[in-house]
Amino acid sequence: MSWLWGSTTNPQFEELAEKACSPLNLPYPQSEDIATALEVADMIRSKAIQPKMAMQSLKKRIASKNGRVQMYAIGLTDTCIKNGGDHFLLEVASKEFVDELSNLIKATTTSPEVKQMLIKYFQQWALAFKSKSELSFFVEVYNELRASGITFPPPPAPVPSHLLTTTTAPAWVDSDACMRCRSAFTFTNRKHHCRNCGLVFDQACSSHSMPLPKYGITEEVRVCDGCWAKAGRNKADAPAPAVPGRTPRSRADLDADLQRAIELSLAESQHSQNRHHSHFTPSEPPLAHGTVEDEDEQMRLAIEASLRDMEARPSAPAGLGEAPEPEYRPLPTFDLSPRENETILTFSNTMDQMAAYGERDLRRFPHAHVLAEQANTVGGRLRRNVEEKSTKQQMLMEMQDKLSQAVNLYGQILDGQQAYAAKRAHEEQARRYQQQQSYYTQQYQPQPQLYGQYPPNGYQAFVPPQQAYQPPQPQPEAQAQHAPSLYPTMPYTTPNFTSPPQERVYPQQSHSSPYSQWSPAPSHVQPGLARQASVVVPPVSSPVPAGVQRQASMTYGAPIPVAEQSQRQQQQYASAPPFASGAAPVDIPSAPPPVNLSTHPNSPQRHSYIPSHPQTQTQTQYESQPQEIPSQQDMQYGASAPPPDSLGSYVSEGTVGSAKSGLEQEHAASQIQPQPQPQASAQTQTQSQSQLQAQPQQNQYAAQTQLPAGMYNAASFPQPLPPTIFPDAPVEAPKGLEKEEKEEALLIEL
């Protein structure tokens, strides 16, 4: 109680300050003790030491020669400024303390670490003191230091205003009489100050004492009766109920509790035996026997009673409906009772009536002052009730917001799942569609054919897949007359086309050539021109060397016997591989010779429907009927082929006579081949005119004199072909073909 008499020294404060700023501590802030610093601040706030003495003690340690002590002293001063109270701030802002700090900042002998730390905290304190006018001296010194060139760090964030707000005990008020009972102070009736409110009372009105933690006072001090009543200390005099696990209990208390439990158990057992005497047999042996002589008889009886109670209970758990509901203590509430509500309503109605009458005289309402006192008494509880309801409303609103957010998040999750499922379905559908497209593309993609699969003559006949070979149908004679034939008539022996040929079934392939789908239908091909499509030979203006000849061209020094020619043809037919499309090729002696595709890889292949004739008929036609072609045949050949002088000279003896008719048939087949150009209609008209002009000339071949068998002349053989007989044939016909055909037709007529 030394602080009550205003003592200048406090050993406890000095001890704590020395402990917090000891030179034996580790470098700052490794050994900073926050608990000790707060105890020092509480002593200053509770006025256990005078603020001036506390300031001087801290100043002495800040001015120490030890840099470590200085740094810990500056940290302790900062803690005391924030928790010491306004009375300590006045001493900190005094000229004595501020000058000491400014001198340390300006001194050159100060340690750099101490100087930097002092500048930092000096700036923080100055910025915090700007809001208080009584601390303006500290701010003025701070501005002077900045103006003098002292470098301060950048200003920190605005310091909160409540940082320096500290609850401290109020200042004492002096008076000549007690402020409660109004009794004058005398020599015997001394005055006392309440440490809670600062007012002055006599002994009768301030006889209570209690600690004041809110002011940093941990020991009991004098308070008045009013502060005592407000704190509710009179209700706290009764002993508080013991809380299990928190209140220390002695062995005697435990023994007393055990004895009490035994007595209650015995009483309950005796009561149950009296009520249910018929359920127990007196000859029942005890469940527990005393084996120790000093065993307490009451303990044994209590244990037996407890065991019997456990056996009497059913082993099965009780149903949910039979389980006793736990009793919950009602929550504290500030709701008004019905009587209090009635009191407030009555007072409110009374005041409304007085306002309606406009009278200020309370004599007509004698109970108004009583109602006012009762309403005033209930007012505090009503305010707390309103605050409680407002708090609950705020909590419910926050819970509602959280529920709304949860619902929104759940909806977003569901939307995301649906969108993801739709996206997956769309991707799966697109993937299946691509698989189907790739499957169809692979299934209908034309398979490439190797060069070795083509027939030796370089042509391939089209036969619809999965169809057997069928003999050619006999053509009417009238139709044969109208169709101009490119072959001369045989006067000696005419092959019988109407006789049934030898039927053959050729192996079929599962696929067809990709060009076969563009071939013309068989019904549109004239019977006389039904032959494999050949290549259109462009006119060659330069002479061909005599040494360069086709493989199939043969020069005869003497007539070749028919048997040898037939044997060569049979060997050629036997060595020819089958067609790629499944139908056997028809090798005609007058047809172009086979082409080596290795030397002509780019030659386009054209296919047409060819009514194939049996091989035996073809052999009999050309083996037994050598013919002589009159001179008019050369004119017809000149109408459809280049002139003889542009193709070279004849061989001395001649070549195979059937080669000329083969070239004519190739030229006719190239005219029948469909062209994708818009000039197809004009070409068709030109072809029909040339065929009508060539028909009377063909009829004259039968009337001319034929040479005997085995005799040939120069006119019976065609001109030698150029070496490039099978170049890359163009798909389109030459543009000047129609004009040349018309001129040739006019020359023939002349």
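The backbone N, Cα and C atoms fix where each Cβ goes, glycine too.
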According to Swiss-Prot, region 'Disordered' applies to one of these ranges: 314-336, 337-359, 383-405. Which one is it?
314-336
Looking only at the domain 'VHS' (24-153), what is the mean pLDDT?
90
Looking at the binding-site residues C224, C227, the one with the fewest other Cβ atoms inside 10 Å is C227
The one of C194, C197 whose CB sees the fewest other CB atoms within 10 Å, among these binding-site residues
C197
Checked against DSSP, the composition of the zinc finger (172-232) is 10 helix, 20 strand, 31 coil
Per-state residue totals over the domain 'UIM 1' (253-272) - DSSP helix, strand, coil:
20 helix, 0 strand, 0 coil
With an 8 Å cut-off on Cβ distance to the C194, C197, C224, C227 Cβ center, who else from the chain surrounds the Zn(2+) site?
R195, N196, G198, L199, F201, S206, V223, D225, G226, W228
